Amino acid sequence: MMDCTRVNWEALDALIIDFVSSENLVVEEEADANSSPSPSSSSSPPCISSSSYHARLIIRRIRNSIESGEIQKAIDILRSHAPFVLDDHRILFRLQKQKFIELLRKGRDEDRAAAIHCLRTCVAPSALDAYPEAYEEFKHLLLALIYDKDDQTSPVANEWAEKRRYEMAGVMSSILRASLQAYDPLFSMTLRYLISIHKGFCFHQGISSAVSDLTHRLLLEERDPPATPLESMYEAPPFDEVDIQALAHAVELTRQGAVDSMKFAKGDLFQAFQNELCRMQLDVSVLDELVKEYCIYRGIVESEMQMITGPVKRNQFEVAHRLSRHCSAEIDLNTSQHSDVEDNSMLDGSHVNDEEMSSKEGGEVGYGSEPTNVSEDCSNSWSNKGENTRALVRIRSHMNCESNKRKRWRGRVDETDRLPDPSFSKSETGIEDKYEIALALKELVSRGMVAEAVCEISAMDSDFFTQNPSLHFHLKQVEFLKLVSAGDHNGALKVACSHLGPLAAKDQSLLKTMKETLLVLLQPDNENTTGKDLPLNDLANTLQVSVGNRLGIEEPQLMKIIRATLHSHTEWFKLQMCKDRFSNLLKIDSLKDVNTDLIGAIRSRSNKENNTNLSSQLTTTSSSTMTSDDGGSSSLMMTTQTSSREALWEESAILKVMEFLALSRSDAIQLLSQYNGNAEAVIQQLFG
């Protein structure tokens with residue numbers, strides 16, 4: 001399945017940093033191992049508190065104890081950390097029943113005696129207060145004393161089944177998560193939701209998924225059993241049907257299942273949604289490997305080689321830096337001189353092959369397509385370890401720093417850190433420098449130092465921009481805007497004549513952008529902020545992927561999953577003809593918020609500065625309009641991503657058909673369109 005969805009990788013970075021910090025998977029390079037983890041930047045969302053992490057550890061210990069048959073150990077942990085759970089006699093009775101079975105399962109005489117003692121002192125008393133059917137269940141349980149555990153035809157075969165352990169462990173996990181507010185990190189829940197929608201969309205449309213193998217390994221089919229609402233909630237007031245249907249379709253529940261989930265959450269839709277998401281089971285080992293690969297690629301954590309070499313690696317860069325001083329002045333660090341060097345040495349590289357340009361798609365998405373196949377004709381400079389090291393020193397010298405501080409991967413270990421395997425081959429060491437080059441170039445562009453980045457890339461691979469003309473155009477566009485901002489109109493025109501013009505002449509889709517870029521020259525001299533605060537993150541990320549592919553670095557699998565699932569999410573809610581009620585909660589809107597329009601950003605900032613009062617009035621009017629109906633949620637669903645056909649039918653009619661026929665929103669709307677919006681006619685026709 002092909003998609004053209006662009007992703008805000010900076011937003012994903014923030015979610016990942018929150019995830020690895022919340023799960024204690026990383027440690028700061030120079031931080032005390034006993035200190036609480038924290039994100040690396042203030043732009044990241046706040047990490048889940050240490051108490052939440054502690055609560056999740058408790059839940060994990062209880063779950064593992066029950067799954068391994070150590071019921072008394074689980075009860076002891078509950079008494080120490082969550083005694084209120086045992087106040088529910090239903091839960092206590094089920095635990096005591098399982099404890100009795102596990103004692104019998106051991107088969108020794110002393111364990112049999114302990115099982116009978118458990119019956120007298122624990123199971124029988126708790127059966128009296130649990131629920132009306134409990135005493136009958138207690139008498140049925142006695143049959144386990146005379147039927148063997150291996151007898152599959154016995155009336156208590158289900159009591160002996162080990163799957164009972166996993167069912168109980170799942171129920172306990174569901175109850176404890178909600179009671180202790182110990183939900184999984186946001187990224188974990190977002191990933192569950194996106195993958196489940198992706199699977200449903202592919203099945204509904206009858207299409208195959210390019211990431212199906214990964215998603216099936218990552219998101220398991222099993223779910224934890226739902227937590228049972230308290231008896232006091234059985235007569236709960238009716239919930240809003242909009243909320244019930246939203247929950248049922250979001251996490252694939254029956255209507256009654258959604259009602260029960262709302263009861264357990266005491267009517268809180270978003271808490272019920274989180275409860276249901278956390279019931280979905282992820283393969284944690286697969287998830288951790290995907291996250292680790294992504295973190296290394298994005299420079300969030302140190303690579304395996306950096307973990308081992310530490311100061312030795314830094315010393316190598318210092319030696320290379322000293323050696324580079326004796327080399328001929330390959331790069332002039334002055335930005336204006338960079339432009340001159342590029343104009344003379346890269347003019348030939350700006351002439352793009354006609355056949356390559358004609359093979360591009362007619363419409364450009366963002367900053368151009370990112371290569372999916374690793375180039376087979378990499379220049380020698382890309383694969384030369386010594387040259388890569390020298391290039392890396394030069395690139396970092398532009399930023400006046402070696403690299404950003406990174407976290408060290410720790411993994412899910414409770415006692416001591418697991419050291420990485422020190423057996424690295426020369427090829428793996430070479431890959432290390434290539435990762436660093438791609439990251440350093442991304443950092444240069446994100447800081448607006450595009451002239452330096454272009455010059456370094458061209459020095460290493462003169463064919464790179466011939467194969468990535470759209471990316472070259474947008475890098476030169478940033479350089480043009482920065483020169484205009486600095487008042488160097490002659491330098492800006494030189495960049496336009498030498499690069500923007502020839503590139504746009506080869507690709508007609510770039511002509512409109514070039515014209516809008518040239519209009520910036522007409523901006524008054526006193527408004528010289530053109531090149532400041534440009535949305536460069538997406539351009540920098542595109543460059544990282546393109547350079548990585550050229551260097552032989554494969555894109556992380558997690559990036560492929562996120563790109564595919566976000567595309568499915570967008571298409572699915574187009575079919576449903578409504579807005580996703582939960583996308584903001586899970587930061588899905590942030591992941592899709594990609595700004596690639598440099599000129600638009602300049603205009604937006606200019607309008608904001610020149611029309612502050614008008615902008616404020618418009619914002620106030622817009623806000624009041626959006627929140628005028630029922631707090632805004634219902635009207636927003638009806639006004640966002642809707643078709644003209646949907647607007648013809650009342651929301652109550654759509655919900656009625658969805659409820660009675662257990663249909664999706666889009667199917668309900670299609671049926672209503674056949675009966676002129678009459679819900680009763682639809683239902684009567686199908687049941688009549």
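Glycine too: its Cβ is placed from the backbone N, Cα and C atoms.
Annotated region 'Disordered' per TrEMBL: 30-49 (among others), in sequence order.
The compositional bias 'Low complexity' feature in TrEMBL is assigned to 35-49 (among others).
What TrEMBL lists as domain 'CTLH' is 55-111 (among others).
Per TrEMBL, the feature region 'Disordered' maps to 336-382 (among others).
Among the features that TrEMBL reports, compositional bias 'Basic and acidic residues' is placed at 351-363.
The compositional bias 'Polar residues' feature in TrEMBL is assigned to 370-382.
The domain 'CTLH' feature in TrEMBL is assigned to 434-491 (among others). Averaged over the domain 'CTLH' (434-491), the predicted model has a pLDDT of 90.
Annotation comment: TrEMBL describes 609-639 (among others) as region 'Disordered'.
Under the heading compositional bias 'Low complexity', TrEMBL lists 610-639 (among others).
Residue counts for the domain 'CTLH' (434-491) by DSSP state, with H, G and I taken as helix and E and B as strand, are 48 helix, 0 strand, 10 coil.
Residue counts for the domain 'CTLH' (55-111) under DSSP, helix first, then strand, then coil, are 49 helix, 0 strand, 8 coil.
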